[in-house]
Amino acid sequence: MSFIDSLATLGQYLPAVTKPKEKPSLGQKLVWSLVAVIIYLIMASTPLYGITSASFFKNLILEQIIFASTTGTLAQLGIGPIITAGLIMQILAGSKLISIDLNDPDDRVKFTEAQKGLAFIFILVESALFGYVLARTSTTINASILFIAGIVIAQLIVATYLILLLDELIQKGWGLGSGVSLFILAGVMKIMFWDMFGIASVSSQNLPIGFFPALFTALASHSDVLNLIVNTSTKNLFQPDLVGLVTTIALIIITIYLTTMTIEIPVTSQKLRGIRRTIPLNFLYVSSIPVIFVAVLGSDIQLFASLASYVSPSASNILNTVSGVFFFPPPNSAIPHSIYAVVLDPLGALEYAVVFIVLSILFGILWVDVAGLDPATQAQQLVEAGIEIPGVRNNPKIIEGILARYIYPLAFFSSIIVGLIAVFATLLGAYGTGIGILLAVTIAIQYYSLLAYERSLEMYPLLKRLIGE
């Protein structure tokens, strides 16, 4: 039995959500999607039993955004195992390391089951790792560490598998889009909402954490509002300010514009001679993948540095030094997370920007090659679909050369652009981080298109017959 067959067999034995017998209406899909989000948000607000704090993972902010996780809660792992399994399977399929034809319905089913099986394995492994670390560092219960770890691990396994089922519920047609996208969007919007409107008072100045409540409180009490324009406080490092708010709005507008830009390649169809159309290549060809990989790499090095402190302090110091270049301001530093940090540490800001953008370019080019987005794969798909480029022989090698003129420059420049968006968001203190903004905008645009599509099908039933639904 092959590797993918073994994973698919495991996936088949796991509890699953069945497909609806009849296609739900748009209203029903919206209700199920809302229910899934509410359950996720409840889990993200429910503390793990046996854990008093989760300060050990407090600095893994970017991972929490990417994986829609919340430290110290039932959503500690979030969608991390699902995304990790999905990326690995996509890389294996795109690089032809596994023999599978995603155009074959049976192989697609096998691929989906294998991905689910791999996600479950990651759930077990990550639950064991995080559960043990949390039990060792974040509890005051008078019991053995192994006993507490067992309780925490059990909670993480059940809760994370429930998140997997919620994702499956939406993907199988009960809801809209995918649960993974929906939970990321909900997580980023939650962070942005609290940065703008949070009323909890956590600062040394006794101001609410949200910008607008803090501004109202400061004006009403005739307090100094300069720190709310640009946060220069070394006591309240994470207080959102006006510069961050303006940056957030500007980056959202820029990201929407860039996300909707396309490069059109004229083509014709062998079946429909004389009819010309175009194939759009997204200007942000690699989407937010490069910055996600950079953020995950930095967070993982930081996590391993923390874990290594129990085994080898010297190794931990080395890893902490390496991970420091992935974050600005550096973790555990007394520098406010605002544009003022650039004034205090300009060399650190420059080092962070250079490292982040260079790695974004490397990951962007690598992703194109391993995920099947390269010119050779795209050319082969065009030939198999009977699509031709006018004035060019229908030869995969020739078409590959033409596509290479577009794809690699797009991959290079889009990697730089998403890297710059992430860097400027960090340096200027944008709400939700640059990666969060990129993910939220991309997902929101996808849902807008999906809602328009579903609405069109309901308004014009004839379209269902034309597209075979």
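Placement of Cβ uses the backbone N, Cα and C atoms for every residue, glycine included.
Remember, it's a predicted structure, so these values are computed and weren't measured experimentally.
Swiss-Prot assigns Phe3 and Leu102 to topological domains bearing the same name, which places both on one side of the membrane. Per DSSP, the secondary structure of the topological domain 'Extracellular' (310-347) breaks down as 19 helix, 0 strand, 19 coil. Remark: secondary structure over the topological domain 'Cytoplasmic' (172-178) totals 3 helix, 0 strand, 4 coil, with classes taken from DSSP. The transmembrane segment (241-262) is in contact with the transmembrane segment (433-447), judged by 3+ CB-CB distances under 8 Å for residue pairs 6 or more apart in sequence. When each of 147-171, 288-309, 411-429, 433-447 is scored by its Cβ pairs under 8 Å to the transmembrane segment (179-197), the top-ranked stretch turns out to be 433-447.
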